[in-house]
Amino acid sequence: MLDLSFILKETFIFTDILLPSARCLFDEPVQVTVTGLRSRQLVSIRARSIDQKNITFCSSATYKADERGEIDLGRDPSLSGSYVGVEPMGLLWSMTADAVHKKFLKTHSSIPHVVKFSVHEEGKGSRVLAETTNERLLIGDGVTRVPVRYKHIRGALFVPPGPGPFPAVLDMYTFGGGLSEKRPSLLASRGFVVLTVALYGHDDLSKDINKIHLDYFEEAVEFLRQQDKVILIKGVGVMSLSKSADLALSIASYLSGVEATVWINGCSANTAFPLYYKNTQLHPPLLFDPKKLKPVESGAFNGKHCVDDTQAEKNKATLIPIEQAKGRFLFVASEDDQNWDSKAYMNQMVDRLREHRKENFECLCYPGAGHFLEPPYGPYCKSSVHGLVRKPILWGGEARSHAAAEVHLWTKVQDFFRSTLMHKAKLNEAKL
């Protein structure tokens, strides 16, 4: 953990109050401390940030100083506000938008997440006692970003500093249009060569799609395996979430060179669009019925039970034959996912693999977590406009539990990729 109030040379002092001011990676925790208050003084500590869509996100929590006039968010409980209790990073994950149904967007690796912290007197006037800024970077020192135009694929390659070789990951955040760089740039900052690709709405790609070609991702795997700094003894990893998770299953099941697949809150069947390979349809789409969307009090809709039954006879052709996969799976399901029943889909895949006497999988379940499990310490998203439904959808989860799940999962994903993609390379090095 980064204790900013002690290791930084630059601090901002207002009436003897210190707040952290630093540049650190987005996925790093920071230690927020305040000093110079009156003994037992009540103050509110606030956080504010603006995303790339110019939406403002804010949080606030009330704290009482100790007898020395100090507050440590890693030690002291919030008494009220956006959260209560001891939550060292609560000001970050509890930030909410000043407009309804907005998801915090930071997709460009070159643009940091800038958070303004401030301390305010409680009571009339709420005078500002101190303020400072924490710049949370999406890309680490020495990581290079290379635009990619290879055959049909369009995307960006992130390469860690140093000679390598490094494990390689294909990051698939394919829906919503354009290119999302936050997760791949952070993974590269942790020692992976990462390729992220767009499916539509980027560079010279079409603005929309009505079918998907697996050949596109075959070219992506091919490109990734050609990179000089990539470990070639084993295959590559695939990282996915939501709709892209069923694409990841197809990549692992039909294509060679894939050793590790992370499936997060996806489906066990091919959804939304027909999937083709070499101009032949592999799977029709599992469809959903928009008439089954249930409105909730916030104005969003619950879509958990809108998707057709994957186990129905008419939908068997949509199921992906994951038993064909040569590599390993990490299945991750949020138990309060309201987008669809990802826990049930995970159970179906486990049953299918066991029926084929396969044990090439691990499972993680997170009670109280919602659909969008992303790198940690970003604002929790309760609802936002769905890329396919075009309406605000409830994503599920409770903010505190969801934030804890993201912290745990981020470490597990890295451990899974390292152990699966690197262990044979290490054994070979030892023999030499």
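Glycine is treated like the rest: Cβ placed from N, Cα and C.
In TrEMBL, annotation is done automatically, which means it is predicted and not curated.
Listed in sequence order, the residues of the same chain lying 6 or more apart from SER242 (active site, charge relay system) and placing their CB within less than 8 Å of its CB are PHE175, ILE264, ASN265, GLY266, ASN339, HIS371, PHE372. Annotation comment: TrEMBL describes SER242 (among others) as active site, charge relay system.
Residues annotated as active site, charge relay system in TrEMBL: ASP337 (among others). The Cβ of ASP337 (active site, charge relay system) has 25 other Cβ atoms within 10 Å, all protein chains considered.
Its Cβ placed at the centre, HIS371 (active site, charge relay system) has 24 other Cβ atoms within 10 Å. Marked as active site, charge relay system by TrEMBL: HIS371 (among others).
Annotation source TrEMBL lists domain 'BAAT/Acyl-CoA thioester hydrolase C-terminal' at 212-421.
Taken as a whole, the domain 'BAAT/Acyl-CoA thioester hydrolase C-terminal' (212-421) shows an average pLDDT of 96 in this prediction.
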